[in-house]
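**Student:** Starting off with a structure, shown below.
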Amino acid sequence: MLYPIVTFIGAGNMASAIFKGLIKQGHPADRIRVSNRSQGKLDALKQEFPTLHVSTNNAEAVADADVVVLAVKPQMMEDMLKPLTTEVAGFDQKLFVSVAAGISIARLQSMLNGAKRIVRTMPNTPSLIGLGMTGLFAQIDTSDADKNLADSLMAAVGKTAWVSQEAEINQVIAAAGSSPAYFFMFMNAMQKSLEGMGMDSQTARKLVEQAAIGSSQLAAHQSDKTLTELTQQVTSKGGTTAQAVATFENGDLAGLVDQAMQACVARAEEMEKLL
Ligand SMILES: NC(=O)C1=CN([C@@H]2O[C@H](COP(=O)(O)OP(=O)(O)OC[C@H]3O[C@@H](n4cnc5c(N)ncnc54)[C@H](OP(=O)(O)O)[C@@H]3O)[C@@H](O)[C@H]2O)C=CC1
Ligand SMILES: O=C(O)[C@@H]1CCC=N1
């Protein structure tokens with residue numbers, strides 16, 4: 001099988017989670033190019049993957065790309081793309097996969113001089129270990145071949161879900177792109193509580209980590225049960241869990257989570273207007 005040449009512009013947190021994940025899944029490193037503004041990250045990558053093509057020159061990195069993954073911060077996208085539209089022959093004919101929050105396809109199209117082959121995605125950092133969750137959206141006139149190529153890249157590092165309305169990508173951000181941070185915060189709060197009770201941090205981290213892994217795996221294995229049913233399975237009447245659950249309910253955990261998710265979506269919508 002001949003793997004497509006994939007160029008990542010930006011070698012930050014999200015891009016590196018995806019391309020390292022791809023390499024782990026068998027995509028040959030010599031068919032991946034990574035360009036980044038500063039040299040330091042590239043030097044480290046070259047050490048880790050000697051056959052990876054790295055460059056601080058975006059135009060050079062995209063020249064032979066089949067797919068260009070746009071992975072710079074949203075605020076930097078326009079300045080990053082502008083020179084490429086004139087410097088790189090046939091640039092607007094390539095397939096672009098954007099991972100950026102808050103930049104619509106219409107906006108990308110205008111930044112890309114009218115390019116037509118664009119898939120907007122919202123991945124997350126667990127892609128690094130093959131457990132990513134990516135939402136994808138493409139306009140109606142995007143070819144199946146382009147959709148399949150974008151899907152296969154993201155499916156190599158986790159699960160994928162297509163949304164039929166572009167606005168839903170902002171909900172994917174709340175559910176998957178940003179949500180690893182929520183889970184880490186929850187785990188961290190548990191760890192800190194245990195430490196406050198006197199437990200050493202290593203043991204506290206191990207307990208929290210394994211309980212989180214076990215719970216998420218159990219939910220995935222028993223997807224026929226609702227999350228409320230899974231909660232009830234743990235909660236003995238008059239027992240310990242009931243006290244913790246009541247504390248969360250009294251503090252309106254669900255309301256707070258809803259507020260956080262809404263704030264996330266609202267910020268994505270606001271970014272779409274600003275950028
Ligand atoms: N982090 C996450 O969990 C997720 C992020 N995203 C999206 O991914 C994108 C990147 O975010 P993230 O990885 O967190 O950000 P990072 O800041 O970690 O990475 C951005 C990278 O882009 C590089 N860069 C900036 N300007 C240029 C340029 N002109 N040419 C080449 N490289 C450039 C930066 O280089 P330098 O080393 O010089 O700073 C940096 O390494 C964003 O659009 C974000 O919305 C989407 C889903 C999840
Ligand atoms: O915080 C952000 O804007 C990006 C998008 C999703 C995760 N990180």
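A Cβ is built for glycine as well, from the same backbone N, Cα and C atoms used for every other residue.
The following feature annotations were taken from TrEMBL:
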- ILE9, GLY10, ALA11, GLY12, ASN13, MET14, ALA71, VAL72, LYS73, PRO74: NADP(+) binding site (BINDING)
- ASN58: NADPH binding site (BINDING)
- 6-102: domain 'Pyrroline-5-carboxylate reductase catalytic N-terminal' (DOMAIN)
- 166-271: domain 'Pyrroline-5-carboxylate reductase dimerisation' (DOMAIN)
**Student:** Determine the most Cβ-crowded residue among the binding-site residues ASN13, ASN58, using a 10 Å radius around each Cβ and all protein chains in the structure.
**Tutor:** ASN58
**Student:** How many Å separate the Cα atoms of ASN58 (NADPH binding site) and ALA71 (NADP(+) binding site)?
**Tutor:** 12
**Student:** Looking only at ILE9, GLY10, ALA11, GLY12, ASN13, MET14, ALA71, VAL72, LYS73, PRO74, which the record lists for NADP(+), tell me the maximum pairwise CA distance in angstrom.
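**Tutor:** Per the listed residues, the maximum Cα distance equals 14 Å.
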**Student:** What is the Cβ neighbour count of ALA11 (NADP(+) binding site) at a 10 Å cut-off, with all protein chains included?
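**Tutor:** I count 23 other Cβ atoms within 10 Å of it.
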**Student:** Average the per-residue pLDDT over the domain 'Pyrroline-5-carboxylate reductase catalytic N-terminal' (6-102) and send me the rounded value.
**Tutor:** 97
**Student:** What are the helix, strand and coil residue counts for the domain 'Pyrroline-5-carboxylate reductase dimerisation' (166-271) according to DSSP?
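**Tutor:** Output for the domain 'Pyrroline-5-carboxylate reductase dimerisation' (166-271) reads 87 helix, 0 strand, 19 coil.
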**Student:** Across all the protein chains here, work out how many other Cβ atoms are within 10 Å of the Cβ of ALA71 (NADP(+) binding site).
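**Tutor:** Looking across every protein chain shown, the total is 26.
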**Student:** My understanding is the cutoff is Cβ-Cβ under 8 Å with a sequence separation of 6 or more in the same chain; which residues meet that for LYS73 (NADP(+) binding site)?
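**Tutor:** Same-chain residues close to LYS73 (NADP(+) binding site) (Cβ under 8 Å, separated by 6 or more) are GLY10, GLY12, ALA100.
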**Student:** Provide the number of Cβ atoms within 10 Å of the Cβ of ILE9 (NADP(+) binding site), excluding the reference atom itself.
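**Tutor:** There are 25 such Cβ atoms around ILE9 (NADP(+) binding site).
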**Student:** Kindly assign ASN13 (NADP(+) binding site) to one of the three DSSP-derived states: helix, strand or coil.
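**Tutor:** In the DSSP reduction, ASN13 (NADP(+) binding site) maps to helix.
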